[in-house]
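To keep things clear, I will list the structure first and then write my remarks on it.
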Amino acid sequence: MRLRRKPWARPELAACDFYVDDPPSYKGRWREFFDNSNPIHLELGCGKGGFISELAADNQNINYIAVDIKSEVLALAKRKIEKEYKERGIQEIKNIRLMSHNIELIDNMLDTVDFIEKIYINFCNPWPKTPYKKKRLTHGKQLIKYKQFLASGAEIWFKTDDDGLFEDSVKYFEENGFIIKYKTWNLHESGFGENVPTEHEIMFSEEGIPIKFLIAEYKQKIHQAVCIGINIKEEN
């Protein structure tokens with residue numbers, strides 16, 4: 001569904017203390033920008049902010065970078081974050097940075113020294129037609145870029161409603177040196193206890209669509225033979 005243009009969105013973001021206007025200018029300097037040594041987590045495609053607002057408010061000791069390309073949704077995310085923090089009595093929003101950026105060019109704004117420890121990819125476009133599959137946020141083309149700035153032992157948490165995308169994504173991760181630590185074809189029936197639901201997740205669940213979820217771990221310079229014998233926990 002196309003989001004209507006909101007004339008107030010860009011001016012409101014420009015006045016926001018936790019909005020970053022020029023993300024590439026901080027490439028290699030995100031820890032300096034947050035002004036602390038806390039871990040940095042990244043959400044690709046933050047949408048209206050329901051997920052990141054709750055997650056960041058729950059984890060004040062973690063820094064979060066939330067990326068989307070549309071100012072209209074980022075402005076809604078900004079308001080959602082402010083509302084969540086206010087309701088919890090948190091005076092300042094110090095551990096979130098919102099920004100508009102093309103995720104296909106994510107390596108333009110993050111570098112090896114940024115050491116991202118976790119990436120969240122929630123309900124991205126499945127791009128089901130073969131000519132467009134390279135646009136998937138879990139495609140090998142993208143994973144190669146993520147590996148440039150992931151810390152060793154970093155994780156990617158991936159959720160989707162799309163069976164084909166999920167099945168293909170498992171292959172993408174395995175082909176690019178990731179270990180699948182956890183995988184379920186029905187997250188809400190799996191007993192997994194660390195889930196923060198997104199707006200899309202709630203909508204799909206109400207329609208009876210099972211939510212697929214995995215955690216993929218990246219180990220730098222890991223030899224493929226090390227993967228042999230690794231136990232993969234899977235819930236059916």
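Just so you know, glycine gets a Cβ as well, placed from its N, Cα and C.
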Practice item. Given that Swiss-Prot annotates E43, N102, N125 as S-adenosyl-L-methionine-binding, name the residue from D21, D22, D68 that shares the site. Key: D68
Point to revise | All-chain count of other Cβ atoms within 10 Å of D68 (S-adenosyl-L-methionine binding site) | key: 23
Check your understanding: How many Å lie between the Cα of E43 (S-adenosyl-L-methionine binding site) and the Cα of D161 (substrate binding site)?
Key -> 18
